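Undergrad: The annotation domain 'Smr' is assigned in TrEMBL to 488-569. Per TrEMBL, the feature repeat 'PPR' maps to 91-125, 126-160, 161-195, 196-230, 231-265, 266-300, 301-335, 336-370.
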Amino acid sequence: MDGFRKSFRDMKMATGVSMTRSLGGTGHVVETVSQILQQLKWGPVAEQALENLNFSIDAYQANQVLKQIPDPSVALGFFHWLKNKAGFKHDGHTYTTMVGILGRARQFGSINRLLDQMVKDECQPNVVTYNRLIHSYGRANYLTEAINVFNKMQATGCEPDRVTYCTLIDIHAKAGFLDVAMELYQRMQAVGLSPDTFTYSVIINCLGKAGHLPAANRLFCEMVDQGCVPNLVTYNIMIALHAKARNYDSALKLYRDMQNAGFEPDKVTYSIVMEVLGHCGYLDEAEAIFGVMKRKNWVPDEPVYGQLVDLWGKAGNIEKAWQWYQAMLQAGLLPNVPTYNSLLSAFLRVHRLSDAYNLLQSMLDLGLNPSLQTYTLLLSYCTEAGSPYDMGICCQLLTVTGHPAHMFLLSMPSAGPDGRNVRDHVNKFLDMMHSEDRESKRGLVDAVVDFLHKSGLKEEAGSVWEVAAEKNVYPDAVREKSSCYWLINLHVMSDGTAVTALSRTLAWFRQQMLVSGVSPSRIDIVTGWGRRSRVTGSSLVRQAVQDLLNIFSFPFFTENGNSGCFVGCGEPLNRWLLQS
């Protein structure tokens with residue numbers, strides 16, 4: 001968005017309000033007013049302080065002041081105060097800035113009232129205004145509203161630009177709607193907006209995060225072939241995607257290619273390379289990168305220290321993880337929630353529950369609120385607790401978090417005859433967690449279903465799964481590969497969730513078959529075990545799925561070389577579904 005502000009950054013608007021005398025130059029007006037508004041809450045005291053200045057201000061200066069106000073209530077108060085001043089008139093820039101401020105605060109009711117007032121003032125929203133609004137809805141995960149704004153802007157004669165399309169593509173891909181994201185990408189090209197480096201980077205990131213790394217690689221090559229030069233951000237995205245897919249050799253090759261192309265690594269690059277080296281088992285080398293960063297005058301921040309805490313914690317070296325945590329504190333940095341989560345996970349992994357409890361308390365003492373991920377990892381540990389003592393400590397930890405997810409779980413009703421009461425309960429909770437990213441919601445749902453299943457509450461577990469599936473929390477769990485050829489993907493789930501998801505999905509297939517008369521010709525059940533899997537050793541998911549299929553007498557076989565893909569097809573599958 002910064003690029004779109006530059007076009008009017010140096011333009012001074014003619015309309016303004018004059019109050020007896022000027023404070024001097026434009027910069028002095030902006031600085032003085034901003035300081036007052038940053039120090040005071042909006043109210044009579046702030047208003048009087050502004051009145052006492054006897055200053056003159058125009059729309060350009062007002063816009064600069066608004067950009068420096070972090071508190072949306074103060075910004076809105078100042079905005080309305082100016083509006084009521086004789087001789088002052090807001091312009092498109094002040095309205096657009098205000099839309100952005102309210103959007104970050106997710107105050108959409110205030111935004112709609114502001115837009116109505118904007119039109120009444122004969123000040124039409126422009127493409128930047130609409131882009132801010134789309135971006136705000138996207139950040140809050142209100143995708144339908146974002147698309148509505150997209151349609152509305154076109155209906156009013158305002159043509160979307162690259163930023164519009166890229167924002168919509170990005171928010172839909174992050175929410176798991178990759179088909180919508182790619183459709184928007186094609187539509188963007190159809191209206192004559194050829195992709196630039198930024199656009200390619202967004203699409204590549206979307207494809208990679210949705211698990212389509214080969215497609216992301218092809219688009220990266222297409223980008224280069226089209227003469228569109230990758231920048232540092234593009235390389236960072238590609239390196240991160242290969243790191244996440246555990247293609248560590250490819251990630252390090254891209255790192256070298258980036259340097260050969262003349263790009264100096266930044267803090268993001270170094271962090272990704274540290275992660276790659278750590279996951280390859282080269283933790284000393286990852287620490288050496290930390291030294292390189294400091295020599296290059298990149299000051300390590302909380303996430304960099306947190307990454308070293310995470311890497312050593314996952315390697316089982318609690319002492320080293322704790323040393324890096326202490327080093328962060330000695331550097332004058334406050335650990336963030338992800339760092340606390342990493343250390344908490346490390347303590348739980350070696351069953352140091354008292355240390356985990358103390359760490360959680362220190363996190364709360366710093367005023368940090370446990371995240372959805374914090375609650376998820378505690379619930380997962382609770383599910384596998386090996387003794388009543390461990391279970392008791394776990395329950396204390398879950399309570400201490402104060403997270404809404406705990407009240408959701410405690411108030412879970414017993415399943416009624418049709419499970420409607422549980423589904424309503426889950427619906428309300430997921431609506432409340434609407435703004436959380438999909439991966440966080442998926443992690444929690446997985447932990448909840450696994451917990452309920454292993455606690456013997458299988459009906460409740462099934463209802464939770466069904467609501468989550470309807471709300472696209474698991475976008476790739478069930479999909480039709482081709483006509484009547486279906487894929488059930490269980491490899492990202494815990495064993496309890498996988499069993500629940502599989503039984504409910506097979507029941508859904510049978511119901512659809514009885515209603516429509518159309519039967520699937522083939523069903524593949526993927527457990528993440530086989531020649532393309534990164535799983536080594538015994539897979540709990542695979543074993544649990546195989547046991548369930550045996551109980552069901554499901555007519556499956558495993559394909560050669562891929563023992564983690566159970567296949568049912570043809571007449572045996574149809575007969576089994578009918579007689580199930």
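Placed from the backbone N, Cα and C atoms, the Cβ positions cover glycine too.
In the displayed structure, how are the listed features positioned relative to their neighbours?
TA: Mean pLDDT, taken over the domain 'Smr' (488-569), works out to 82 on the 0 to 100 scale.
Only residues 6 or more beyond the boundaries of the repeat 'PPR' (126-160), in the same chain, are considered here, and those with a CB under 8 A from a CB of the stretch are 1, 4-5, 92, 95-96, 99-100, 102-104, 106, 108, 111, 115, 118, 167-168, 170-172, 175, 177, 191, 434-437.
Taking H, G and I as helix, E and B as strand and the rest as coil, DSSP gives the repeat 'PPR' (161-195) the counts 26 helix, 0 strand, 9 coil.
Outside the repeat 'PPR' (196-230) by six or more residues, the chain places 162, 165-166, 169-170, 173-174, 176, 178, 181, 185, 188, 237-238, 240-242, 244-245, 247, 261, 476 with a CB less than 8 A from a CB of the stretch.
The list of residues near the repeat 'PPR' (266-300) in space but at least 6 beyond its ends in sequence, with Cβ under 8 angstroms from a Cβ of it, reads 232, 235-236, 239-240, 243, 246, 248, 251-252, 255, 258, 307-308, 311-312, 314-315, 317, 320, 331.
Sequence-distant contacts of the repeat 'PPR' (301-335) (same chain, six or more residues past either end, CB-CB distance under 8 Å): 267, 270-271, 274-275, 278-279, 281, 283, 286-287, 290, 293, 342-343, 345-347, 349-350, 352, 363, 366.
In terms of DSSP helix, strand and coil, the repeat 'PPR' (336-370) has 26 helix, 0 strand, 9 coil.
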Undergrad: Any residues 6+ beyond the ends of the repeat 'PPR' (231-265) with a Cβ under 8 Å from its own?
TA: 197-198, 200-201, 204-205, 208-209, 213, 216, 220, 223, 272-273, 275-276, 279-280, 296, 534
Undergrad: Mind checking which residues of the chain, 6+ beyond the ends of the repeat 'PPR' (91-125), have their Cβ under 8 Å from one of its Cβ atoms?
TA: 1, 8, 13, 15, 59-60, 62-63, 66-67, 69, 72, 75-76, 79, 82, 132-133, 135-137, 139-140, 142, 145, 153, 156, 158, 435
